[in-house]
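K.L.:
Residues or ranges marked as disulfide bond by Swiss-Prot on the basis of similarity to another entry: CYS41-CYS64, CYS55-CYS96, CYS78-CYS112. For ASN50, the entry in Swiss-Prot reads N-linked glycosylation site. Annotated signal peptide per Swiss-Prot: 1-22, in sequence order. The topological domain 'Extracellular' annotation in Swiss-Prot covers 23-130, 189-210, 262-283, 353-357. Per Swiss-Prot, topological domain 'Cytoplasmic' is recorded for 152-167, 232-240, 305-331, 379-423. Marked as transmembrane segment by Swiss-Prot: 131-151, 168-188, 211-231, 241-261, 284-304, 332-352, 358-378.
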Amino acid sequence: MDSGVWAACIFCLLSSLPVALGHVHPECDFITQLREDERTCLQAADRMANSSSGCPRTWDGLLCWPTAGPGEWVTLPCPAFFSHFSSEPGALKRDCTTTGWSEPFPPYPEACPVPLELLTDEKSYFSTVRIVYTTGHSVSAVALFVAIAILVALRRLHCPRNYIHSQLFATFILKAGAVFLKDAALFHSENTDHCSFSTVLCKVSVATSHFATMTNFSWLLAEAVYLTCLLASTSPSTRRAFWWLVLAGWGLPLLFTGTWVGCKLAFEDVACWDLDDSSPYWWIIKGPIVLSVGVNFGLFLNIIRILLRKLEPAQGSLHTQPQYWRLSKSTLLLIPLFGIHYVIFNFLPDSAGLGIRLPLELGLGSFQGFIVAILYCFLNQEVRTEISRRWHGHDPELLPAWRTHAKWAKPSRSRAKVLTTVC
């Protein structure tokens, strides 16, 4: 097998691997580097054409062979990419004969081996992950649509807390739609070269994906901020705070995404805008996300501290099993609502831990919207009570007063009022 066929086999497998974690698969770096090496090699060959006797500078599909005199042997190492598959660096030799360059020795498959079956298995693995996250986002979108419809249709559930839940639900739906749009743009054909693919639809899908991701993180943060203010506030009025959260939750992601799009158009308008690992402009998107996850985690710990204090008996410390259960239940409910699981990978490089990161962030993460809809709508006692009242036609006048008004307990020792019911 000559170098051209060997390079074509590798390109065919690598360029068809799916996009992972919102970025082109790392092997695309190898293909991009090869294309840059080819361009440099051919430009140098054009400048040196007919400048000397012997063998001219030549690109064979993987390596650039320099000019050489008759009878001269040239040795070059395998491209750096092949070191991932072999502990010993390979090398090739070519002889400059009177009739031109000889064939590389040893042949490329022997000098620079690549387990093609491994790449095939990797492609199959990514396809499976894609099926899982497509299913997850689809299920989540349907559940979230139903949850929003319930919160909007039942007027007794109209309150700032549920308004914020609805905004968060909407961001999960937007995120699912962005994933479907991106997949449609990138994977509409099996023959598409994902490493160099570049269309307006592709760039729009990537920008939409970034905006959806940022809005999702911003409303996860809004949930944490709102609950913190609710637990610590001395005033039951929260509607003004809600509108500030709306402005920040949608406005800031739009501002950062618009800035990123402007920078890409002006300074880095290449490929499909998803080669971001080495781009300084990527931090316009990633920086606010990392910051929001860090702040969210801090607020999560603070809320657990507040809950621990409020569950503490007057005489002593928390020690009874029911109180431990209440605290554990509250903590577990906050994890999907605040997206605390993102702390695990959010501070690592995008290419780190792909083997674990893909199933967790793409697989389980796609079901996060479904879990949030279940916990904060379908299993919510107020929602179930209101649906039951509507279903059985109960007279609203017979409902207890706490169903329609906010009730505030007396100040605790810490002088913070405890909200027992919001709606």
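Quick reminder: no glycine exception, Cβ is built from N, Cα and C everywhere.
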K.L.:
Which residues of the same chain, at least 6 past either end of the transmembrane segment (211-231), have a Cβ under 8 Å from a Cβ in it?
P.N.:
22, 160-161, 164-165, 167-168, 171-172, 174-175, 177-178, 238, 241-242, 245, 248-250, 252-254, 256-257, 285, 288-289, 292-293, 295-296, 299-300, 302-303, 306-307, 310, 337-339, 342, 416, 418-419, 422
K.L.:
Just to verify: the residue among CYS64, CYS96, CYS112 with the fewest other Cβ atoms within 10 Å, which of the disulfide-bonded residues is it?
P.N.:
CYS64
K.L.:
Looking only at C-alpha atoms, tell me how far CYS78 (disulfide bond) is from CYS64 (disulfide bond), rounded to the nearest Å.
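P.N.:
Cα to Cα, CYS78 (disulfide bond) and CYS64 (disulfide bond) are separated by 11 Å.
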K.L.:
At the level of the C-alpha atoms, what whole-angstrom distance separates CYS112 (disulfide bond) and CYS96 (disulfide bond)?
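P.N.:
Approximately 21 Å lies between the Cα of CYS112 (disulfide bond) and that of CYS96 (disulfide bond).
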K.L.:
With the transmembrane segment (131-151) as the reference, which stretch in 168-188, 241-261, 358-378 has the largest tally of C-beta pairs below 8 Å?
P.N.:
358-378
K.L.:
So what's near the transmembrane segment (358-378) in sequence-distant terms, Cβ-Cβ under 8 Å and 6+ beyond its ends?
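P.N.:
Counting only partners 6 or more residues beyond its ends, the transmembrane segment (358-378) has Cβ contacts under 8 Å with 20-21, 126, 129, 132-137, 139-141, 143-144, 146-147, 150-151, 165, 168-169, 172-173, 175-176, 179, 333, 336-337, 339, 341-342, 344-345, 384.
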K.L.:
Quick one: what's DSSP say for CYS96 (disulfide bond), helix, strand or coil?
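P.N.:
DSSP call for CYS96 (disulfide bond): strand.
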K.L.:
Determine the most Cβ-crowded residue among the disulfide-bonded residues CYS41, CYS55, CYS78, using a 10 Å radius around each Cβ and all protein chains in the structure.
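P.N.:
In terms of Cβ crowding, the pick is CYS55.
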K.L.:
Using DSSP, what is the helix/strand/coil residue split across the topological domain 'Extracellular' (23-130)?
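P.N.:
Within the topological domain 'Extracellular' (23-130) the tally stands at 45 helix, 22 strand, 41 coil.
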